[in-house]
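Heads up, the thing below is written out as structure tokens.
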Amino acid sequence: MSDKTSTSTDSIPPAGPDFSRGGGILPAIAQDAVTGEVLMLAYMNAESFAETVATGRAVYFSRSRNKLWRKGEESGHVQIVKEIFIDCDNDAILLKVEQVGGAACHTGYRSCFYRQLTPNGLKPVGEPVFDPQKVYGQKS
């Protein structure tokens, strides 16, 4: 089992993310490599980043479960990494990905950013592409 204090940096290129910041975990944005649509925001530690670089598939760090989260391991909706960018402060990661299975969000929507703030509150935009109960066997 992994934890957020992991310092496995063997496959992290020099001048990569600075995991000494942010308590060892950094925000990671997944963006559709073709359309530019922002799909989700998650977090990475050094171990998840190194595995992502080594495998070409998005691996995140789950703060709630305190372990590595291999995107799509339950749903099959994996993210194939096309490009990786690091911000100017080395404390945020951008993954340009091919989203397999049509949806990045566990709620069934393509993007986790499917709710628009309106004067009347949050309004869903678009339609879910899968039923979370059928994929995960429970309500999301």
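Note: Cβ is positioned from N, Cα and C throughout, glycine not excepted.
In TrEMBL this protein carries:
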- 1-11: compositional bias 'Polar residues' (COMPBIAS)
- 1-20: region 'Disordered' (REGION)
- 40-114: domain 'Phosphoribosyl-AMP cyclohydrolase' (DOMAIN)
- ASP87, ASP89, ASP91: Mg(2+) binding site (BINDING)
- CYS88, CYS105, CYS112: Zn(2+) binding site (BINDING)
Taking each of the binding-site residues CYS88, CYS105, CYS112 in turn and counting other Cβ atoms within 10 Å of its Cβ, which one has the fewest? CYS88
Translate the DSSP assignment of CYS88 (Zn(2+) binding site) into the three-state scheme. coil
Roughly how many Å lie between the Cα atoms of CYS105 (Zn(2+) binding site) and ASP89 (Mg(2+) binding site), rounded to a whole value? 28
Mean pLDDT, the domain 'Phosphoribosyl-AMP cyclohydrolase' (40-114)? 96
Three-state composition of the domain 'Phosphoribosyl-AMP cyclohydrolase' (40-114), taking helix and strand from DSSP: 10 helix, 29 strand, 36 coil
